[in-house]
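*Asks:* Please see the structure below; I have some questions.
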Amino acid sequence: MKLAILSRDGTLFSCRRLREAAQARGHKVDVIDPLSCYMNINSAAPSIHYRGRRLKHYDAVIPRIGPLTTFYGTAVLRQFEMLGSYALNESAAITRARDKLHSLQLLARQGIDLPITGFADSPDDTGDLITMVGGAPLVVKLVEGTQGIGVVLAETRQAAESVIDAFRGLKAQFLVQEFVAEAGGRDVRCLVIGDKVVAVIERHAKEGDFRSNLHRGGSARAVTISAAERAVAIHAAAALGLNVAGVDILRAKRGPLVMEVNASPGLEGIEAASDMDIATLMITFIEARLADRSSR
């Protein structure tokens, strides 16, 4: 099998692990920077070019597209899809997951429980928005934030109004969410591949913070989850059309709440904490999908 990993940096842990896992199973792997690709878009002979040469066919593509390169990265991935390459996560699914507002709307439409979330444009609606999510304390999140960046805990109503006014002053799109106090600065990351949860970790915020992201200095440990949590994680990934996803769940009194679904979950923290070879599981999933394709 000939594989392409779409990544801006082939030295990153997740990219290295995927490359090593694929090579260990006898596959040829190229790491391709999507921003160095350019495309010929036509119905007769579409093509992808990379650093001055036309790329040959790849059986499958593993997208490791960062948030800052979503628009161009998914355009390149669409071109690979048009040329017949199997995408581990399809471009449309990645685009859905990267739009926090759209993804929450899709999850809610599927009946998946979420933290109460508000969204508004007019400053006149700020008071109602705060009340809608249960008042302070509450969380204000940039729609385009990632890895805990652009996430603020407002502990009082006045603080919430100030944060919302500041984000509006920056012309930034943001969400307002209830603060789930009983989660205690912890969340559960479920790594979903296909219709299975293959690894689970509980992430803890560092002292003095409420964000549990490992990139923000949080820690992680392997945990077990309930059947309800497992079902919610699988349902959330499927609702966005993702074959591989990191589903982040808050453990609330009323049950598991999906906080976010990550279309390009990092492997370092969850492989270390769970002691699972997730990279190889991703490669074997691709092998099975390609085998299904060829048997049709």
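Just so you know, glycine gets a Cβ as well, placed from its N, Cα and C.
Pulled from Swiss-Prot, these are the listed features:
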DOMAIN    104-287  domain 'ATP-grasp'
BINDING   K141, E178, F179, D187, R211, S212, N213  ATP binding site
BINDING   D248, E260  Mg(2+) 1 binding site
BINDING   D248, E260  Mn(2+) 1 binding site
BINDING   E260, N262  Mn(2+) 2 binding site
BINDING   E260, N262  Mg(2+) 2 binding site
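Map these features onto the structure and tell me what's around them.
*Replies:* Counting every protein chain shown, the Cβ of F179 (ATP binding site) has 19 other Cβ atoms within 10 Å.
Less than 8 angstroms from the CB of E260 (Mg(2+) 1 binding site) sit K100, S103, V247, D248, each of them six or more residues away in the same chain.
Annotation note: N262 (Mn(2+) 2 binding site) sits in a strand segment as assigned by DSSP. The Cβ of N262 (Mn(2+) 2 binding site) lies under 8 Å from the Cβ of A97, A245, G246, V247, D248, each of these being in the same chain and 6 or more residues away along the sequence.
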